[in-house]
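Annotation comment: TrEMBL describes Cys114 as active site, proton donor. The FMN binding site annotation in TrEMBL covers Pro31, Met32, Val33, Gln85, His184, Ala238, Arg239. Among the features that TrEMBL reports, domain 'DUS-like FMN-binding' is placed at 29-292.
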Amino acid sequence: MIGDIVETKQCQLKDPMDLFRSGQVVKICAPMVRYSKLAFRTLVRKYSCDLCYTPMIVAADFVRSAKARDSEFTTNKGDHPLIVQFAAKEAQVLCDAARIVCPFADGIDLNCGCPQRWAMAEGYGACLINKPELVRDMVRHVRNQIDNPRFSVSIKIRIHEDLKRTVDLCQKAEATGVSWITVHGRSVEERHQPVHYDAIKIIKQSMSIPVVANGDIKTLKDAENVHLLTGADGIMVARGLLANPAMFAGYEETPLKCIQDWVDIALEHGTPFTCFHHHLMYMMERITSKQEKKVFNVLSSTSAVLDYLKDHYGV
């Protein structure tokens, strides 16, 4: 890891809170397992994304293993502002992980929202919304042990069935010094049900720190509507950006220029073929016919993909 990112030491780390102070709605790329890695973050930053998260990293593995650090975390001097998201359940482990990334990132985020069974079984993710004291303890430890006041500490949560519990969790976190809170407007049990934007609005009205809205935002128009509905200070997008990395720049579907940019960036970064190909499958979902998908989605080498793009799209 350190070999890859040591150049970042020379760059000016940023204060993510400056984005929230700007008065503009902050446009954010969500932490996505396998997908929100350096190459993709580089792409969305070219298209008006203000703030990017790494995929979720298990803090205990990250602290314990140099191999985990090398594979999970790479960045460079253009990759800012950057938030590293950790799954953690022990305050000191989270602190140790934060200390490792502090010279290279602009903040950390504690995942309190992942609903996957393995995460919940390990005591990570969304089960933390039922442990406000533990969340408070973890935030307080990081605040006390990282002496850079510009380094942000945020949390990403899901909501309770009883919203009063969520508001209580958020207020406790705010009192401990959380920089902002991202709210995915669904409960742990909900997957594809409509997002409760009204709940995000109530949380926003209960807080004096920034609140970020997350869930089912597919276009820039959606982002504007959710901002109006909730009053949120930022909008975080996951699948919408996978399908259209130029979404925040106002494009309705992925422009060919963006596909060209992805090819250039991915090749430059040495992106593994599967990841390179998957991103293109997402990006081209709306602009390819069923027949084209059948052909494109089974291509099995970088050169085959490049030939296809050149022949069919002039990319």
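Here, residue 1 is simply the first one shown, and the rest follow in order.
The backbone N, Cα and C atoms fix where each Cβ goes, and this holds for glycine too.
Here the features listed in TrEMBL are painted onto the structure.
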residue: Pro31; record: FMN binding site; CB count, 10 Å: 25
residue: Met32; record: FMN binding site; CB count, 10 Å: 19
residue: Val33; record: FMN binding site; CB count, 10 Å: 10
residue: Gln85; record: FMN binding site; CB count, 10 Å: 25
residue: Cys114; record: active site, proton donor; CB count, 10 Å: 23
residue: His184; record: FMN binding site; CB count, 10 Å: 27
residue: Ala238; record: FMN binding site; CB count, 10 Å: 20
residue: Arg239; record: FMN binding site; CB count, 10 Å: 14
Sorry to bug you, but what's the C-alpha spacing from the residue listed as 'active site, proton donor' to Gln85 (FMN binding site), rounded to the closest Å? 11
Which whole number is the mean pLDDT over the domain 'DUS-like FMN-binding' (29-292)? 97
Rounded to a whole number of Å, the separation of the Cα atoms of His184 (FMN binding site) and Cys114 (active site, proton donor) comes to 10
